[in-house]
Amino acid sequence: MKFFILGSLFVAAVAASLEQDAFQAFKLKQNKTYKTPVEETTRYGIFQAKLLEIEEHNSRFEQGLETYKKGVNKFSDWTQDEFNAYLGLHPKPAKLGKGIPYVKTGVSVPASVDWRTEGYVTGVKNQGDCGSCWAFSLTGSVEGALFKSTGKLVSLSEQQLVDCTYGTVNFGCDGGYLEETFPYIQETGLEAEASYPYKARDGTCKFDASKVVTKINDYVYWYGDEEALLEATATIGPISVAMDANYIDSYASGVFSSRLCSSDDLNHGVLVVGYGSENGVNYWLVKNSWAEDWGESGYLKLLRGQNECGIAEDDSYPIV
């Protein structure tokens, strides 16, 4: 009995040491610093719980019980409430009376599409500690539409949208809308990222009309129709979409799905850039704005065909 107790204590000590090593590696990789020892202890406790959750989930993945893997990332010392507060999309507005409702044509679509391979998609960006996901979703769809129209891929300015629609349409780093912002782009146009760089904070509008790269002529929208999303993605290009992102914080790879995901709590703006299937599971290929060290090099594969996480509830694209 004595040896059993000693052995158990040894195993527990080794496990604690490994967790501490993992936490130190996490802090180093993510450049994490804490203001006080108390805060570090608190964050370590959150990290420990998240690490256990990741390990248990990945064990189920190895048994074929899950379709995606989890991993440690920049959110691994955040509480769920902190992560939820970071998500910056506001609920879709009442019908605007603007834009063009999407009409399905019934066209046959290919089994898979990836607009990255056709040159429509800029590199993965990083919104930082700013709830500006909506701006990245919008610039991504305009970048794709501009490429389709001109053959030129230009990274457009999210900071312009953050600064210059603040208080009139959106709320800067405290969130914003998708299709409700298209009229601003239609009237004013967008500068390039190079001339109006991203700062990850609210600022004074510094828009320069002489540096506009593109305007849009109009925009197309639909609500709650995943078949429309499939057809538009296949025939148009990248699509701005809203989703419930409450449960993707630890996503690492594979096809994400969750029974907890809602089609009503749309809190994150992203960009659908294609679709396909993996190990017999259909997915949407989703470009996120949390840098390349999240997910599959900045991308999410989301279960397709069940309106997972409300992916088809609030969709739109611009016409250039």
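Keep in mind that glycine also has a Cβ here, set from the backbone N, Cα and C atoms.
Remember, it's a predicted structure, so these values are computed and weren't measured experimentally.
Copied over from TrEMBL, here are the features:
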type   : residues : note
DOMAIN : 23-83    : domain 'Cathepsin propeptide inhibitor'
DOMAIN : 109-319  : domain 'Peptidase C1A papain C-terminal'
SIGNAL : 1-15     : signal peptide
Problem - Mean per-residue pLDDT computed across the domain 'Peptidase C1A papain C-terminal' (109-319) - result: 98
Handout entry: Three-state composition of the domain 'Cathepsin propeptide inhibitor' (23-83), taking helix and strand from DSSP
Key = 38 helix, 3 strand, 20 coil
